[in-house]
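Novice: What follows is a single structure, and I will ask about it in a moment.
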Amino acid sequence: METLNESIRNSSLLCVEAFHNFHCTYNDVSEAERAILIAIIIPAIAITIFGNLLTVVSILYFRQLQTRTNVLTLFLAVADLLVGLLIMPFSAMRSVYNCWFYGWTFCKIHSWFDYTLCTLSVLLLSCISFDRYVAISDPLRYHQRITNRTCALMLLFCWLCLPFYGLVFMLEWNLVGLEEELAQICPDDCPVLLNLPFAMANTIFGCVVPMILMTLAYGRIYQLARQQARKITSTAMGSNVDSARSSLRREHSATITMGIIVGVFISLWMPYFVVSTTESIFGYQASSLAWEFINWFTYINSTVNPILFAAFNRPFRNAFYLILSGRIFSSSYRGVDLFNVQHGSKVNQGAKRCVSTLIGKESDR
């Protein structure tokens, strides 16, 4: 019986010899257009790696950022960092040259980690939404409900997608029933094909259910935040007002940041889940160029997350500033109050301009 790999190798589609005996689908992208793609993709990869590395270092270094919420945020940044290191460079070569230079086995490994890391981001965002919901809805029992054990169990649950996608892609379960489509693929292409059962399961459990839960959680959080703000204003007196408002503002700052990140995530990922599901149902009609464009929408989500942290969360913004300015190397800033960091030193103006360039001119909240 012919294997799926042999089916691709015996493709009857007219392919072109692209580079050094690699046979790929014809690509009418001009050299000028290819240069533009490279000029866009390389900075995106660099920002993804640098920004998420900055997030990881910030959480590991500054004590104020070492909260249970940020344990989940740390793993989200690690997942995004791995997307920049392991996924985007190889996908960039495929996008620019419309060819896969690394063999069929590595194509499956690449798809495995691509889906694993992206699904991991979805699940981590869902866990962070639950954490924020508990912090706002039940603040007095937050530390009883969100314990170290709870965080460990949530992380374990999220990482279960690693062996799941490993079995699916390495055993080619996602390609069962797609022999006809595979026969039309060139030998050195790396197709991202999902049969209907896997596409539906991936969409429902990797998109629809988490996004519904996140939307409901943040909708409820918004209602509770407004109620708490009114209650504090009407019941607190004198210095108690400032203290209560300060505590509430810090919780809301983290919640607003994660809410924005979830909103951006849904916007960037929805096209992929819609197209992948409809393609599986009605047949694969979208061009390889369209697929690459949609895939890069999902990768860009890993690029923008650290930018959103810096733009909408003052502690993270100040942490990035202290790292880029080099102040963490001159004296101990591990215990600094990241809500109140002075930016006035002349030595640090270059770093301040660097941060401003990266995140734009955002006013402190």
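Here the Cβ of each residue, glycine as well, is placed from N, Cα and C on the backbone.
Reproduced below are the annotations present in Swiss-Prot:
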| type | residues | note |
| --- | --- | --- |
| DISULFID | CYS24-CYS186 | disulfide bond |
| DISULFID | CYS107-CYS186 | disulfide bond |
| REGION | 175-187 | region 'Extracellular Loop 2 (ECL2)' |
| TOPO_DOM | 1-35 | topological domain 'Extracellular' |
| TOPO_DOM | 57-70 | topological domain 'Cytoplasmic' |
| TOPO_DOM | 92-108 | topological domain 'Extracellular' |
| TOPO_DOM | 130-150 | topological domain 'Cytoplasmic' |
| TOPO_DOM | 172-195 | topological domain 'Extracellular' |
| TOPO_DOM | 217-254 | topological domain 'Cytoplasmic' |
| TOPO_DOM | 276-288 | topological domain 'Extracellular' |
| TOPO_DOM | 310-365 | topological domain 'Cytoplasmic' |
| TRANSMEM | 36-56 | transmembrane segment |
| TRANSMEM | 71-91 | transmembrane segment |
| TRANSMEM | 109-129 | transmembrane segment |
| TRANSMEM | 151-171 | transmembrane segment |
| TRANSMEM | 196-216 | transmembrane segment |
| TRANSMEM | 255-275 | transmembrane segment |
| TRANSMEM | 289-309 | transmembrane segment |
Novice: I need to check the long-range neighbours of the topological domain 'Extracellular' (276-288): which residues 6 or more away from its ends have a CB within less than 8 Å of a CB in the stretch?
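Specialist: That would be 25, 98, 181, 189, 193-196, 199-200, 202-203.
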Novice: Answer with yes or no whether the transmembrane segment (71-91) touches the transmembrane segment (255-275) by the criterion of at least three Cβ pairs under 8 A, sequence separation 6 or more.
Specialist: no
Novice: Give the sequence-ordered list of residues that share a chain with CYS107 (disulfide bond), lie 6 or more positions from it, and have CB atoms under 8 Å from its CB.
Specialist: TRP100, CYS190
Novice: Summarise the model's confidence over the topological domain 'Cytoplasmic' (217-254) as a mean pLDDT value.
Specialist: 66
Novice: Does the transmembrane segment (289-309) come close to the transmembrane segment (36-56), meaning at least 3 CB pairs under 8 Å for residues 6 or more apart?
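Specialist: In contact, yes.
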Novice: Who are the long-range neighbours of the transmembrane segment (151-171) in its own chain, taking Cβ under 8 Å and residues 6 or more past its ends?
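Specialist: Same-chain contacts beyond the flanks: 68, 71-72, 75, 108-109, 111-112, 115-116, 119-120, 123-124, 127, 130, 198.
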Novice: Helix, strand or coil at CYS24 (disulfide bond), per DSSP?
Specialist: strand
Novice: Return the count of C-beta atoms lying within 10 angstroms of the C-beta of CYS186 (disulfide bond), excluding that atom itself.
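Specialist: That number is 23.
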Novice: How many helix, strand and coil residues does the topological domain 'Cytoplasmic' (130-150) contain under DSSP?
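Specialist: The counts are 18 helix, 0 strand, 3 coil.
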Novice: Who are the long-range neighbours of the topological domain 'Cytoplasmic' (130-150) in its own chain, taking Cβ under 8 Å and residues 6 or more past its ends?
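Specialist: Counting only partners 6 or more residues beyond its ends, the topological domain 'Cytoplasmic' (130-150) has Cβ contacts under 8 Å with 68-69, 72, 213, 217-218, 220-221, 224-225, 228, 251-252, 254-255, 258-259.
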Novice: Six or more residues out from either end of the topological domain 'Cytoplasmic' (57-70), which same-chain residues have a Cβ under 8 Å from its Cβ atoms?
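Specialist: Contacts with the topological domain 'Cytoplasmic' (57-70): 77, 128, 131-132, 135, 146, 148, 150-151, 254, 258, 315-316, 319-320, 322-323, 328, 333-338.
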